[in-house]
Every structure is written in structure tokens, then in C-alpha cells.
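Asker: Supplied in C-alpha cells, the structure appears directly below.
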Amino acid sequence: MTNIRKTHPLLKILNSSFVDLPAPSNLSSWWNFGSLLGVCLAVQILTGLFLAMHYTADTATAFNSVAHICRDVNYGWLLRYLHANGASMFFICLYLHVGRGLYYGSYTYTETWNVGILLLFTVMATAFMGYVLPWGQMSFWGATVITNLLSAIPYIGTELVQWIWGGFSVDKATLTRFFTFHFLFPFIVAALVIVHLLFLHETGSNNPTGIPSDPDMIPFHPYYTIKDILGFLIMLTALSTLVLFSPDLLGDPDNYTPANPLNTPPHIKPEWYFLFAYAILRSIPNKLGGVLALVLSILILAIVPILHTSKQRSMMFRPLSQCLFWLLVAVLLTLTWIGGQPVEHPYVIIGQTASVLYFMILLILMPLISIMENKLLKW
């Protein structure tokens, strides 16, 4: 008798995606981050659902409702900090996942890559709106500053900002709609994840060598299921350690002060995972230019497949490209550090240099080095 997992209409979809899926035999731990992101999304949706049961999206009570969750709700403090630090874990996994794609040439699967970029934008939008909800000082001023950037759009900018705010400033209407969208977006993310996997399973996974692995495939279960479970345990251990020992390590102390439109914090900055983009935004002294650079800092990923000039897919056997890749990582870490610093010398010039380097590496140096490596192959 045929196994039910191969005949049942629902189970056979799951079977072909997670059990009998042919996978390359040489996938390294860098391929774990896709499944880790799935776990992060599940944790965020579950903790968020329970938090939403106790949260009130009203300027008068939002801050107090978060305090109430932490003090009076059973394990409310755990839910709140799992959700806040879960977002940090989500972005760590996201950036490592994208970095893996860049390093091993996974972006040549353009449909999967483009859906991935769309996912990145959606998750970033969700995280930004979530940061506004506790209605602390940094929530309020972060929302004001970032939404205000849209006023740089010619002709329709000001009207667009007021339309998003639902008034002439960030207020009750803004908080209510941000809560609505923050609740909705994770489900859109979940739908996009299915599309992402659909496109991935059309082509099959890439592998560290970048060479087609059709002759040497192994079933996903048990080999990669057990490997993924190990990844889950390591990540959940790290998350638990963060939540239970230093839950406020990655947060901003200003967010423990209720939002006050009459008092501006000395340094307005977003959560740590947006600091690199924020540094790029700040490094351009023109408002519209800064906004364009901010959007392009992520959107540039969409043209990476077009700029792929190498005859080899992966960077595994391309030492010069590897050096450039790690320089790019160093530049991004520098930008993250600069984003959290005040706008003064020498931080301004460091940020501007790092921003120029970031775009230069991706747009000019990577394609040129790849062409050079192609020539070296002939020698």
C-alpha cells in the first residue's frame, strides 16, 4: 500500500516540499537560515498574537498597556521580550541569509531572489511599524522622522505624509493604522514565503560550489531535517539567553519614557538592524538624495543578478571576489556603527566614505573583479 503522505492531497504537497525533496548532498550550515527564518516568523506571529490581546492602540493608553503586559499579564514580560528580541534574531538571520545568497551566487535564481527582496522590504516595514507601537519617545520620534522622509517626494510629498499620518502630525490615527498594518503584514510575509519556496522548488537549491548538483542529490528528510533542528536549538538557545539575561541590550533606553511631542531626544535613531541604511540616508546632505540612497541601499540587490559577470556562480573558488565580499561586510558593520553615532566630525566623513564604498563595491568593483578573474582562468 502506498504511503498516505504520497497520496493525500494536502500531505503530498508537504511531502514534496519537506520530506522527499531532493537536496544537494553538500549544503553547509549557511543553508540553515531559511528554515531559521521560518521559525522566527512563527515565533513572531505567535507572541504578537498574544500581545495584541492585551495591547491598546491608543495614544493615551498604549505605553501603559505595554507596562501592564510586563507587570500584570501571566508571562507577559516573556512574550514582550521574546517579540522584541525575536525581531533582532529575525534580522540577524535575514542578513546572513542574504549574505549567503550573495556569496554563493544564489541570486541567479532571479524569481526566488526578487521575491526575497520583496520579503525583505515587507519585513522591514513590519518591524518599523512595530517599533512605533510601545509609544515611547523613540517610537514617536522615529515614526515622525522616518514618515517625514516621504515629504521629499516632489509635488505629492506633503499630502502623502499627511495621508499616512491621518492628520497634521503623528497621533492617535497614526498609531491605530500602524497597529492594523503591523498585525496584517506578517500574514502577507507568510504568503510571500510560500511563493519564495514555490520558486525555489522549481529550480532546486544551489550549493556551495555553484555547480549543478543533479547527479548527487539526497532526500531532505532525515538529512536536512535533523540539521535544521540543530539550527533551531542553537538559535532558540541564543534567543532565550538574550531574553532572560539582558532583554534590553538591543533596545533604546529612551523608549522607556512615554512619547512627548514637546521634547525631542538628543539622538533620534531606529533599531540597530536599520542603522546601516540610516547611516546611508544621513550621509547625503540633501533630503531627496538621502531618501533615494536609503531605498537604493536595499533595492540594489535587485540588479546584482544583472551585474554578475563571472563565469563561475559561487565565490568559493574566487579569492579576489571573496576579499571584496568581506570588505562589503566590514563596510556594512561600519555603517551600522556610524548610524548610532551623533552627526559630528569624524562620524560624518566616515559614514560618507562607507556609503560611497558600499555602492562602489556592488556596482563597480564586483563586476570588474569578476571580469579579471575570468581572464585569470585563461592563464
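Cβ coordinates are placed from backbone N, Cα and C, and glycine is handled just like the others.
According to Swiss-Prot, the record shows the following:
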{"type": "TRANSMEM", "residues": "33-53", "note": "transmembrane segment"}
{"type": "TRANSMEM", "residues": "77-98", "note": "transmembrane segment"}
{"type": "BINDING", "residues": "H83, H182", "note": "heme b b562 binding site"}
{"type": "BINDING", "residues": "H97, H196", "note": "heme b b566 binding site"}
{"type": "TRANSMEM", "residues": "113-133", "note": "transmembrane segment"}
{"type": "TRANSMEM", "residues": "178-198", "note": "transmembrane segment"}
{"type": "BINDING", "residues": "H201", "note": "ubiquinone binding site"}
{"type": "TRANSMEM", "residues": "226-246", "note": "transmembrane segment"}
{"type": "TRANSMEM", "residues": "288-308", "note": "transmembrane segment"}
{"type": "TRANSMEM", "residues": "320-340", "note": "transmembrane segment"}
{"type": "TRANSMEM", "residues": "347-367", "note": "transmembrane segment"}
Asker: Is it true that the transmembrane segment (77-98) and the transmembrane segment (226-246) have 3 or more CB pairs under 8 Å, sequence gap of 6 or more?
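Answerer: Yes, the stretches contact each other.
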Asker: So if I draw a 10 Å sphere around the Cβ of the residue listed as 'ubiquinone binding site', how many other Cβ atoms end up inside it?
Answerer: 14
Asker: Near the transmembrane segment (347-367), which same-chain residues lie under 8 Å Cβ to Cβ, leaving out any that are not at least 6 residues past its ends?
Answerer: 279-280, 282-284, 293, 296-297, 300, 303-304, 307-309, 321, 324, 327-328, 331-332, 334-335, 338-339, 341
Asker: Of the listed stretches (33-53, 178-198, 226-246), which one yields the highest count of Cβ-Cβ distances below 8 Å with the transmembrane segment (113-133)?
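Answerer: Counting Cβ pairs under 8 Å, the winner is 178-198.
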Asker: Tell me the coarse DSSP state (helix, strand, coil) of H83 (heme b b562 binding site).
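Answerer: Helix, per DSSP.
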Asker: State the non-local partners of the transmembrane segment (33-53) in its own chain: residues 6+ outside its ends, Cβ under 8 Å from one of its Cβ atoms.
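Answerer: Residues 69, 79-80, 82-83, 86-87, 89-90, 93-94, 96-97, 100, 182-183, 186-187, 189-190, 193, 228, 231-232, 235-236, 239 contact the transmembrane segment (33-53) from elsewhere in the chain.
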Asker: Using Cα coordinates, what distance in whole Å links H201 (ubiquinone binding site) and H97 (heme b b566 binding site)?
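Answerer: For H201 (ubiquinone binding site) versus H97 (heme b b566 binding site), the Cα atoms are 17 Å apart.
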Asker: With Cβ-Cβ distance below 8 Å and at least 6 positions apart along the chain, what are the contacts of H196 (heme b b566 binding site)? List them in sequence order.
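Answerer: Within the chain, H196 (heme b b566 binding site) has Cβ neighbours under 8 Å at T112, V115, G116, L119.
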Asker: What whole-number Å value do you get for the CA-CA distance of H97 (heme b b566 binding site) and H182 (heme b b562 binding site)?
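Answerer: H97 (heme b b566 binding site) and H182 (heme b b562 binding site) have their Cα atoms 23 Å apart.
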Asker: Indicate whether H97 (heme b b566 binding site) is helix, strand or coil by DSSP.
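Answerer: For H97 (heme b b566 binding site) - judged by DSSP and reduced to three states - the answer is helix.
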